[in-house]
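S.K.: Okay, here's the structure, questions in a sec.
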Amino acid sequence: DKDTYKVSGGLHGVGVSCVNALSSLLVATVHREGKVFQQKYSTGNPQGAVEVVGQSDRTGTTIYFEPDATIFATTEYKYETVSKRLRELSYLNKGIRLTLTDLRETDEQGRHLYEEFFSEGGLKEFVEHLDSTRQPLLPAPIHVEKTDGDIPVEVALIYNNSYSENVFSYVNNINTHEGGTHVSGFRRALTRTLKSYADKSGMLEKAKVEITGDDFREGLTAVISIKVAEPQFEGQTKTKLGNSDAIGAVDNAVSEILGYYLEENPREAKLIIQKVILAAQARQAARKAREMVQRKNVMGGTSLPGKLADCSDTNPERCELYLVEGDSAGGSAKQGRDRSFQAILPLRGKILNVEKAQEYKIYDNEEIKNMITAMGVTFGTEEDSKALNLTKLRYHKIIIMTDADVDGSHIRTLILTFFFRYMRELIEQGYLYVALPPLYIVKKGKEERYAWSDAERDAIIREIAPEGKEDSVGIQRY
């Protein structure tokens, strides 16, 4: 309804009507014209007429609601979720002050948990917040703010010393996780404008390297926010924008202001283009490294890593691969496995932290090469030369099995990071698992029991040892 709201989340959103229908009690209180008006509802039905309940010298609306416990299994709100969303909204709507108070608990001084969210810089501050743990390449974010036709466009972007792309997009304050036409417009403008500048500067010709769109986005953090009167989303969840006019609006705004920025800031422009050239060189090196890993696999036939204790079954649906921490753990894992369907691959030490390494170095890493070879995966499909190809995947269960200590947690995190960044399809298709190691083994005589917590350990001791004979129980901490 454009007469009521200039922009909104569009149809089918979880607005006040939906919240009202799903609440056992909703109270709407409105301050206007010197009075306080109030109406109560239950499961969407008015419990009486609108009443005047007092006088007021201000304006505003308060909504109080209690979720219906007959509909929701859980009616408890997570403070962190609400806090994160309000912080996000404060950046997207600069100059607006939002407050969050949790009345459920108090601290030692009897105070309720309270936060205030306010952003004067808007998306520029948002980008700095997102990049707070990275080293920036530019002294300040590049800021785009322009209305193209009927579409207000705001973008903030900055480059950092990482190798990943982080682009966050919003339409009418809704987070469009899957992107859409506004992100397409941004990428088109970024690639074209930077390519044009790089060509004119002569830096590309000097470097003798071929650039692709991905190279312009390595180490980029950006937030895109547009306002559209009638948003068209693909799917009910509103995670992808479909409005075709958003492409041109974002493209025009970003092209114009980014072009000015590059001309007026030649030092920063040179840093960006140097970063792009390095990304292109690293991409070509990574492609060669990937091809080398795959060529060895092909030329070697069924040559598998020497440390792999493979299983006898060849049906991937029945086979499991355990990635274990070191040779000693690999030895005990081999002793305890069922060799018909369980394979063991010991990994030596901590694998490479792929979050901080260039891609070509990843495929040179011995442990990562062993994992790729053992799993049988390749890179490259008809649609995408970098995409993971799972047609020859040898195991449908890949289990990360590390120790229950700090080192084990670190190794597990490094392995998960590799899979998330370079083999996400394995996670999405449900092939990746994490083993939950016990913390203790409790022994008494020939009896051995495992415990996954201190409480479970104590319960086992009470169960197997008479009172006063606890010393007869042996406990080993893993």
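Note: Cβ is positioned from N, Cα and C throughout, glycine not excepted.
Got these off Swiss-Prot a minute ago, pasting:
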- 319-438: domain 'Toprim' (DOMAIN)
- E325, D403: Mg(2+) 1 binding site (BINDING)
- K350: site 'Interaction with DNA' (SITE)
- N353: site 'Interaction with DNA' (SITE)
- D403, D405: Mg(2+) 2 binding site (BINDING)
S.K.: Relative to the Cβ position of E325 (Mg(2+) 1 binding site), how many further Cβ atoms are located within 10 Å?
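M.R.: Cβ-Cβ neighbours of E325 (Mg(2+) 1 binding site) within 10 Å number 24.
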S.K.: Spatially, and counting Cα to Cα, which of the recorded positions is closest to E325 (Mg(2+) 1 binding site)? Options: K350, N353, D405.
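M.R.: Comparing Cα positions, the candidate nearest E325 (Mg(2+) 1 binding site) turns out to be K350.
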S.K.: In whole Å, note down how far the CA of D405 (Mg(2+) 2 binding site) lies from the CA of N353 (site 'Interaction with DNA').
M.R.: 19
S.K.: Round to a whole number and give the Cα-to-Cα distance in Å for the pair D405 (Mg(2+) 2 binding site) and K350 (site 'Interaction with DNA').
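M.R.: If we compare the Cα positions of D405 (Mg(2+) 2 binding site) and K350 (site 'Interaction with DNA'), the gap is 13 Å.
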S.K.: State the count of C-beta atoms found within 10 angstroms of the C-beta of K350 (site 'Interaction with DNA'), not counting that atom itself.
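M.R.: Taking all protein chains shown, K350 (site 'Interaction with DNA') has 14 Cβ neighbours within 10 Å.
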S.K.: Using Cα coordinates, what distance in whole Å links D403 (Mg(2+) 1 binding site) and K350 (site 'Interaction with DNA')?
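M.R.: D403 (Mg(2+) 1 binding site) to K350 (site 'Interaction with DNA'), Cα-Cα distance: 12 Å.
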S.K.: Could you tally the C-beta atoms, other than its own, that fall within 10 angstroms of the C-beta of N353 (site 'Interaction with DNA')?
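M.R.: Within a 10 Å radius of the Cβ of N353 (site 'Interaction with DNA') lie 13 other Cβ atoms.
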S.K.: Given the model, what does the mean pLDDT over the domain 'Toprim' (319-438) come out as?
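M.R.: Across the domain 'Toprim' (319-438), the average pLDDT comes out at 87.
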S.K.: Once the DSSP letters are reduced so that anything not helix or strand counts as coil, what is N353 (site 'Interaction with DNA')?
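M.R.: Looking at the DSSP assignment, N353 (site 'Interaction with DNA') belongs to neither helix nor strand, so coil.
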